[in-house]
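A.B. asks: Structure in structure tokens, see below.
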Amino acid sequence: MTSATIPGLDTAPTNHQGLLSWVQEVAELTQPDRVVFADGSDEEFNRLAAELVEAGTLKKLNEKKHPNSYLALSDPSDVARVESRTYICTEEESGAGPTNNWMDPTEMRSIMTDLYRGCMRGRTMWVVPFCMGPLGVEDPKLGVEITDSEYVVISMKVMTRMGKAALEKMGDDGFFVKALHSVGAPLEPGQKDVPWPCNDTKYITHFPETREIWSYGSGYGGNALLGKKCYSLRIASAMAHDEGWLAEHMLILKLISPENKAYYFAAAFPSACGKTNLAMLQPTIPGWRAETLGDDIAWMRFGKDGRLYAVNPEFGFFGVAPGTNWKSNPNAMRTIEAGNTVFTNVALTDDNDVWWEGLEGQPEHLIDWKGNDWYAGKTETPAAHPNSRYCTPMSQCPILAPEWDDPQGVPISGILFGARRKTTVPLVTQARDWQHGVFMGATMGSEQTAAAEGKVGTVRRDPMAMLPFLGYHVGDYFQHWIDLGKNSDESKLPKVFFVNWFRRGDDGGFLWPGFGENSRVLKWIVDRIEHKAGGQDTPIGIVPKAEDLDLDGLDVSVDDVAKALAVNPDEWREELPQIEEWFEFVGEKLPTGVRDEFEALKQRLSEAG
């Protein structure tokens, strides 16, 4: 088929010639049955959802329990981000750095063009315009995803500001990131479709220099919703490096003191370290309140007043379901209960409700994420996939901060780095200054989770929780952080802290209860920012004593809190060779400033006896 004979190409609702010529070029390559520009309307969402129910991709859930909500079960081979098939294709291999897979851009384009040839046959090609962040900003970060997946279209409506308004924002010549996606499953005439089309061959490719994303073979979240990690972190981190800002894997939290003073925090945690739970915190200490602005991504720029301001580029939550419950995260549960949610790979109850491991009230019988019968106490495999998800609108969150859609963003008082560590790392540590904070973030290590491929439980370095999401060389990224600090007024920079909710005692149990009780740690952090709280200088930074924390009403022994806060120089000396090994991996682009902090740490540990 030529472009002249592909229905929909001649009725595009835009005069943007750059967009139109790209859409035509992709249509001629991929050969869809028709082209449709998504408008982002509720009517479109409902129509597509109904079609996906008819096709067997979605199941409509119990309207009383989850209004306008659906469950999708993926192909068992397509359940998570595929880091082994994720590429950063810079002109020079050194541009991608040692943390990324690299291929020559010309070679990659050739391979993927062959894969794309005819790949949308028998399908509809959707043109999905979207905006990352509030539509009202001076310099909106726009994108267009071309996809052959209706699941992607409805998910993009939840996760981004998608459709007509974003297309209008582009005008006739506005810049946009080109994001091309196909499940790689063409249909021959008369061929029956499968509920979850995908391909064994997968590529999730980024071209940072030309701001393009090409994805093939996967229908799953992070590989297919290209506004998510692909744009808002991998491409945006390269943009941020070039333009002098930060695109980070961070939640944004607003904490309000009993005096009604607001503090805003950005916090970076690797997957499954409690990021969403902290973003939707319910403080347990009287008089303190929390509101959320985002649970996954923060874009931060310096304002005219010299402070660092953050916006959340996303429009929805794409959270891990297992472990989410009325105790760990009641606000996530309330957000989901409000409806308009697409669940993926959770279990289905007999009354068309959803269930996952960790959720209260385990039923006797379920249909598991593979579509099989599951019986409590008898079936040995999990009912929900460990990386199963809910995709739900942010606007439904009961503790959403009113500033969530403010183009100016919010001024950040503190940056938190965190990780999942059983030993060594205290409950909370304050960095001595910005550069020391960069060192803390650069050397983060966390135990592996189910959100990515790899062995669960092993510790891997995950700098600023950005290891899988950097769009350029990790050493240049560290230098970018240091430079932003050097070029700023230090008195206006956010204070930097490191937290670890997951330290364990000798009996293997958690020393700190976590969840809402983490507000006690945040209170100490606020008091440090206000120069009100005590803390002891240790070789690794400033750490509170147990009595420096507000422990009123906490059902944990002071002894356990002290153990959670302990700094053991011997354990930290064991950490040093691992950090050295990580720095060798980063290579010659490791900034001098980060190396200096490491040498200073070694010196302080040697003096600690």
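All residue numbers here begin at 1 and follow the chain in the order shown.
The backbone N, Cα and C atoms fix where each Cβ goes, and this holds for glycine too.
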A.B. asks: Quick one: which of S41, S182, S271, S446 does Swiss-Prot put in the substrate site with R81, Y220, G221, G222, N387, S388, R389?
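C.D. replies: That substrate site, as Swiss-Prot gives it, pairs R81, Y220, G221, G222, N387, S388, R389 with S271.
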A.B. asks: Starting from the Mn(2+) binding annotation in Swiss-Prot that includes K229, D296, which of H181, H249 is the extra site residue?
C.D. replies: H249
A.B. asks: Swiss-Prot has A272, C273, G274, K275, T276, N277, R389, F515, G516, E517, N518 down as binding GTP; which of R301, R307, R420, R421 does it also list for that site?
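C.D. replies: Between R301, R307, R420, R421, Swiss-Prot records just one in the GTP site with A272, C273, G274, K275, T276, N277, R389, F515, G516, E517, N518, namely R420.
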A.B. asks: Nearest of the recorded positions to R389 (substrate binding site) by CA-CA distance, picking from A272, C273, E517?
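C.D. replies: Nearest by Cα distance to R389 (substrate binding site): A272.
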A.B. asks: Given the binding-site residues G221, K229, F515, E517, which one's Cα is the least distant from that of C273 (active site)?
C.D. replies: F515
A.B. asks: Can you give me the residues near the recorded Mn(2+) site, meaning same chain, not K229, H249, D296 themselves, Cβ no more than 8 Å from the center of the site's Cβ atoms?
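C.D. replies: Near the Mn(2+) site, the remaining chain residues are K228, S232, L233, I297, A465, F469.
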A.B. asks: Identify, in sequence order, the residues in the chain of K229 (Mn(2+) binding site) that are 6 or more apart from it along the sequence and have a CB within less than 8 Å of its CB; answer 'none' if there are none.
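C.D. replies: Residues satisfying the criterion: R81, G222, P468, F469.
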A.B. asks: State the three-class DSSP label for G221 (substrate binding site), counting H, G and I as helix, E and B as strand, and everything else as coil.
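C.D. replies: The residue in question, G221 (substrate binding site), is helix (DSSP, three-state).
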A.B. asks: May I ask which of the binding-site residues G274, D296, E517 is closest to G221 (substrate binding site) if we compare their C-alpha atoms?
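C.D. replies: In terms of Cα distance, G221 (substrate binding site) lies closest to D296.
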